[in-house]
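According to TrEMBL:
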TRANSMEM  15-41  transmembrane segment
TRANSMEM  61-83  transmembrane segment
TRANSMEM  89-114  transmembrane segment
TRANSMEM  135-156  transmembrane segment
TRANSMEM  183-211  transmembrane segment
TRANSMEM  240-258  transmembrane segment
TRANSMEM  270-290  transmembrane segment
Amino acid sequence: SPQQHNVTSYGATTVAIVTLEALAGMWINAFILCVLCVGWIKKKTLNLNEKILLHLSCSRFWYLCLSWIYVVFSEIYPSGLLVHPIFRLLQGACTVFNCSNLCVSACLCVFYCIKIANFRNRFFIYLKAKIDRMMLCLLLGSVIFSLLFGVLVYNITDKAISKSLNFTCLGNSWKATVIIEELFYPFFFLVGFLHSILFMAVIFAAVFLLFSLWRHKRKMQTNSINSLSMDAHIKAMKSILSLFIMHSINFMSLILALVYSTKHYNHIDFLVYLIQHAYPGVHSLILIFSNPKLDKTLLRILSCVECK
């Protein structure tokens with residue numbers, strides 16, 4: 001029928017575009033992983049900024065990979081998600097890596113803010129002195145928190161499905177009808193709460209760094225001096241603002257997904273998929289161009305490709 005044909009063409013279009021975005025994002029983050037790992041092997045050590053980028057790119061790579069698998073299943077072979085426990089595992093695993101991605105992104109903003117901003121407050125000076133140890137604890141905490149959050153989402157999904165489905169077992173396949181509000185509303189509430197907290201951390205980091213930049217610029221004008229600190233402020237500000245913009249768009253997509261989760265509007269689903277799969281790759285590309293080591297390596301690779 002025409003309606004089935006429209007659904008099929010929509011699913012194929014969604015999968016095609018999401019595949020392009022996911023593969024591009026995976027390639028970008030795999031590039032960051034390879035460059036940092038090669039540097040790690042050569043130098044036998046990584047600085048704190050590189051450790052954060054390594055963790056971030058790893059989380060984004062696996063999130064894009066698993067999220068792409070979920071989209072392919074849901075659009076091309078939805079009955080495959082009913083095979084126990086594929087849907088639960090995909091939801092849990094995607095949540096773990098997405099949560100880790102968001103947490104480490106916020107940690108990166110906090111790191112830039114504390115490392116570069118100049119304040120004479122005693123507490124801020126203490127944080128500046130302890131930034132390395134604090135960031136390592138935050139990274140470890142983000143891993144543990146992401147795992148716990150993924151387990152929580154897995155349990156919510158499992159309980160919602162177990163409570164509200166009527167199924168007949170055919171081997172290990174389940175034919176089920178799920179009450180969508182019970183399944184998605186607790187999940188969206190938890191994800192929305194996490195997004196809100198991390199979004200506030202990004203906003204505070206941007207505000208503090210912007211205020212520090214303004215104070216530093218005014219001091220330079222008063223004393224008629226030039227400082228390399230201004231360049232560091234501007235570079236960090238660009239990275240934080242880019243993350244702020246991408247995080248804002250990603251947060252809007254979460255709200256759209258929450259509002260229209262029970263409406264089954266294909267164009268809304270498509271927009272949400274588009275934003276969620278573009279965010280990890282686009283921001284990672286911005287991080288590459290803001291990092292001299294990654295930028296030079298990418299330009300060297302591209303120049304070699306052009307020569308060949």
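Just so you know, glycine gets a Cβ as well, placed from its N, Cα and C.
Within its own chain, the transmembrane segment (89-114) is flanked in space by residues 48-49, 52-53, 55-56, 59-60, 62-63, 66-67, 69-70, 73, 81, 124, 127-128, 131, 135, 138-139, 142-143, 145-147, 149-151, 153-154, 157, 187, 191, 194-195, 198, 201-202, 204-206, 208-209, 236, 239-240, 243, 247, 280, 283, which lie at least six positions past its ends and keep a Cβ under 8 Å from the stretch. Through the fold, the transmembrane segment (61-83) approaches residues 11-12, 14-15, 18-19, 22-23, 25-26, 29-30, 33, 90-91, 93-94, 97-98, 100-101, 172-176, 273, 276-277, 280-281 of its own chain, all at least 6 residues removed from its boundaries and within a Cβ separation under 8 Å. Same-chain neighbours of the transmembrane segment (240-258): 102, 105, 108-109, 112-113, 188, 191-192, 195-196, 198-199, 202-203, 205-206, 209, 268, 271-272, 275-276, 279, 282-283, 286, counting only residues six or more beyond its ends whose CB sits under 8 Å from a CB of the stretch. Residues 48, 51-52, 55, 59, 88-89, 91-93, 95-97, 99-100, 103-104, 107, 110-111, 183, 186-187, 190, 194 of the same chain lie 6+ residues outside the transmembrane segment (135-156) yet bring a C-beta within less than 8 angstroms of a C-beta in it.
Here the transmembrane segment (270-290) has Cβ contacts under 8 Å with residues 10, 13-14, 17-18, 21-22, 24-26, 28-29, 31-32, 53, 56-57, 60, 63-64, 67-68, 71, 101, 105, 235, 238-239, 242-243, 246, 249-250, 252-253, 256-257, 298 of the same chain, all six or more residues outside its ends.
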